[in-house]
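Taking it in order: structure first as structure tokens, then the write-up.
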Amino acid sequence: MLSSRWWPSSWGILGLGPRSPPRGSQLCALYAFTYTGADGQQVSLAEGDRFLLLRKTNSDWWLARRLEAPSTSRPIFVPAAYMIEESIPSQSPTTVIPGQLLWTPGPKLFHGSLEELSQALPSRAQASSEQPPPLPRKMCRSVSTDNLSPSLLKPFQEGPSGRSLSQEDLPSEASASTAGPQPLMSEPPVYCNLVDLRRCPRSPPPGPACPLLQRLDAWEQHLDPNSGRCFYINSLTGCKSWKPPRRSRSETNPGSMEGTQTLKRNNDVLQPQAKGFRSDTGTPEPLDPQGSLSLSQRTSQLDPPALQAPRPLPQLLDDPHEVEKSGLLNMTKIAQGGRKLRKNWGPSWVVLTGNSLVFYREPPPTAPSSGWGPAGSRPESSVDLRGAALAHGRHLSSRRNVLHIRTIPGHEFLLQSDHETELRAWHRALRTVIERLVRWVEARREAPTGRDQGSGDRENPLELRLSGSGPAELSAGEDEEEESELVSKPLLRLSSRRSSIRGPEGTEQNRVRNKLKRLIAKRPPLQSLQERGLLRDQVFGCQLESLCQREGDTVPSFLRLCIAAVDKRGLDVDGIYRVSGNLAVVQKLRFLVDRERAVTSDGRYVFPEQPGQEGRLDLDSTEWDDIHVVTGALKLFLRELPQPLVPPLLLPHFRAALALSESEQCLSQIQELIGSMPKPNHDTLRYLLEHLCRVIAHSDKNRMTPHNLGIVFGPTLFRPEQETSDPAAHALYPGQLVQLMLTNFTSLFP
């Protein structure tokens, strides 16, 4: 591709290397320019200012002094690209030295492209002309070689095959083949990118009163009648720009560029091959119907006051996802990788976009600029909705208007809103996105097995079969179809791409990929395994109602084992339930009790050797001789319950009953509230309080009074569903309630 700048190699060939400026050379500013010097002073140049050229420091900056300034004033640096050099008319032309390629002093010409150079070449052949031709006002898009001088056409000799000539090679070829002294110009021309200088805007674009030429999405193209240039206006934002709007993703071939200029040469000048030339990149360059070669040149665009610099290749930008819905909801996470978590409700700004549900900690300002979230904030977490299951969470929370989201990795979230219409809108939006993702996955599975254009070897995560309900049972025909699809779209990238395509190693790796992807596609979700009884839920962190239903009792068996061990050898221990046990041993006991699995910190599953080991667990063995380990495991079991033993919905009523002045009325209301609790909660609470009454009977030895036991078990039994801002205020009345129940146990539990 030709370039519009002459590089130092071309300067050396043409004899135009860096040299001192001719005496009496003047500069005229083409455009206004302002910069800050090294000493911190600001230098401003206005259009039409004239300077006396002192020295051409480099190709970008020249040292000059203003004409009206005294000779003792300090010179300044001016941008060479913004200046035009002029000479004093009193200069006389110099003689031509035979055998050398020199020009006589004279006004310098600025050639912004190869076309302007070709237009200026005929003036060289006239020895008598001392004044150069005027600068062309407009560039031609295409110049035929009929208008070029014969001296320029001489270097191109006919031959069996032509070769591509760059803009740097063109003047060198012309000068190398010139025989004898040539009539020269009065001053060597200076080549710079005049096209880029002309494209630099001197003023902002005019208003939209100009005629509309074209509409592209929200951008309108108009023509400025004064300058003859096109400008663009965004009809939505009102933004005006001289530059055309950039697309976020370009599908054009990099070889075909905008703003190309063509130089046509006749068949007698260049003899191209029958099927076209081959460029440096290895792709054949097209020929026009007359057989002439087309040389393309991409014009670069400068933003003033930046100077010419190489621009990187355009990158493909991902299209921004459209925001489906956003709003303020109450959110809590109840499961992480299949492990139950304690509820922690809190407000969150939720954004539904693409295939993700993004959560922000803080709500946006009153008028957010976009639906993505608060400006300058980072998302707290996100949920991948591919294969997710959406349902109402009435059975998971006592709150109203709750949505339950379960994902493939085993993460579960609850979304709640005080307004039913708002939650219905979220339910419709989430269901629409999930169904669209399911249809997309099914369409991809039924599509042809060919690799998509432009995707390369990149694996799309949506190629996996993400199903949130039921095991994926594939027939033999489906296996064969899936295997053919997996061969063309491998799941894992093992070693390199070349080894996976060619040779026996690549075949083996493809076979491994196919097996792995078939295994993942057939792997049933966790919910289906639990429904079929293959995987049973844990003991710690399990719903009390489901645990009792599975065990066929109203009191969990692990709670019975712990209370029996404490009744046997712990009632006389000083500080029972007040002293903490060894946490490592407590976790070991918990691991043995859990029926399903233990989840490590990095998300891996550790399965016990045999499920259901709590049935054969002996807490009287020497391994559990420390009674504080047993009591610590009992308290941990109560804390890990997803719902506290006393339902959070009854907490305000318990607190109101406690505030009554009459004791009989207070006990009557508390008894009614206890009777309204579910059967597993009621029986478990009674079994626990009955055991604590036996502990109080030995308070002379263990020093555990009703007040001390209320401090230990109050925050656990009467835990609120949402954390309060003042924990001290909440920790007061639960202990009083437990103390009241222990003191009046016989009247509350007849």
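Each residue, glycine too, has its Cβ placed from N, Cα and C.
Within the set Ser241, Ser475, Ser621, Swiss-Prot records phosphoserine at Ser475. Between Ser90, Ser256, Ser279, Ser500, the residue that has phosphoserine written against it in Swiss-Prot is Ser500. Arg578 (site 'Arginine finger'): 15 other CB atoms within 10 A of its CB, across all protein chains. When each of 22-88, 213-247, 542-749 is checked for Cβ pairs under 8 Å to the domain 'PH' (322-435), 542-749 comes out on top.
Secondary structure counts, DSSP: the domain 'WW' (213-247) has 0 helix, 16 strand, 19 coil. Mean pLDDT for the region 'Lipid binding' (342-345) in the predicted structure: 88.
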